[in-house]
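Here is the structure we will look at, set down as structure tokens.
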Amino acid sequence: MFRYLTAGESHGPQLTAIIEGIPAGLSLSEEQINIDLARRQCGYGRGGRMLIEKDQVEILSGVRWGKTIGSPITLCVRNRDWENWHEKMSPHERFHDDKIRVTRSRPGHADLPGAMKYNHHDVRNILERSSARETAVRVAVGAVAKALLSQFEIEVCGFVAELGGIKAIRPSLPLAALKDMAAKSELFTYDKSVEEEMKRLIDTVRDEGDTVGGVIEVNAVGVPPGLGSHVQWDRKLDARLAMAVLSIQAFKGVEIGIGFQAAASTGSKVHDEIFYDSARIAHGEQSGFYRKSNNAGGIEGGISNGEEIVVRAAMKPIPTLYKPLRSVDIVSKEPYEATVERSDVCAVPAASVVAEAVVAIELADAFMVKFGGDSITEIKRNYQSYLDYLRAF
């Protein structure tokens, strides 16, 4: 089982993650994790904080001489902005100052419901942890998950599929080619024809003091049939993926495969017919069974079926606006325009990296549940035995 916890506030000294369940013998370096951290900080429409922070991970435990040793892995991402906040966010009582309390809650954020739940009269106690800054360390965890999955030729990649109603058309190309296209795009999209239109929209929205959302898509190839389970609600792979993606700040909807389109069609047009060709095995495929369509998005009955995993999710516009919405002061109860925190105009490209990370984490967990062992060597042996079984099935 692959599990993790994160800790840390947006303007605290650091973000921390502890990962348990990574087998011994996995090659892992700070450099490979930092690649994904840098991707998260890119993308057209990001805000001023990206000029301050240059995220770098520190591996504090669980890795020796470039290899995991089987014990919990501790990851740390320092907040460079901490030097400007060390008194405001200090754990020490001597720095307490009621004059810097934030009492104007922002619509669309956790500010008000969080303050009500935890009996806080300073919403900074809520907004610091609810901030999407937390996703930096989740991306680091996702990089570890991707390192594990890559040992078994499973690849995960996220893209921007839509921005502010402008839809990208996915080319019929292998995932590796789409990944290369997105890497060259400021918006992490696979459709270059709409990129300039998307950028113009972001510029317009910025000038208006507003924000814009979109739709991300995460694909995974090489996933074998048999991950997840139908026998309990909380082991269904699609349910796990949906929960993980919806846990990302500002995400409000998720679908697997064609998702909501299926509700407007008939069963004969939705369900993917099953075929068999023994020649596929000779060409290195995992199984002779296959589909000619993938409306299910690679998951049926909560179990991966061997086709490409396709997850799409909706991200709402960021609720921190430079043209703030009306709100109410939680102490005086007087109406005000909501507090303005430094923010992005559009974080959909960055969110595609975060979604990629959490999908990889869930796939790594499902993979370890199915093939788990204490070392990479043991897991590879287990996995090879399963592949031999599938080809004979």
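Glycine is no exception: its Cβ is also placed from the backbone N, Cα and C atoms.
The annotation NADP(+) binding site is assigned in Swiss-Prot to Arg40, Arg46. The feature FMN binding site is assigned by Swiss-Prot to Arg129, Ser130, Ser131, Gln249, Ala250, Gly301, Lys316, Pro317, Ile318, Pro319, Thr320, Arg342, with sequence analysis given as support.
Set side by side, the binding-site residues Ser131, Thr320 differ in how many other CB atoms lie within 10 angstroms of their CB, and the most is found at Thr320. Residues near Lys316 (FMN binding site) in space but far in sequence (CB under 8 A, at least 6 apart, same chain), listed by position: Gly108, Gly213, Ala250, Phe251, Lys252.
Reduced to three states, the DSSP call for Thr320 (FMN binding site) is coil. It is 13 Å from the Cα atom of Thr320 (FMN binding site) to that of Arg46 (NADP(+) binding site).
Fewest Cβ neighbours within 10 Å among the binding-site residues Ala250, Ile318: that distinction goes to Ala250.
Arg46 (NADP(+) binding site) has Ile318 as its nearest neighbour among the binding-site residues Arg129, Ser131, Ile318, going by CA to CA distance.
Around Arg40 (NADP(+) binding site), the same-chain residues at least 6 positions away in sequence with a Cβ under 8 Å from its Cβ are Asp55, Thr135, Ala136, Val139, Ala350, Val353, Val354.
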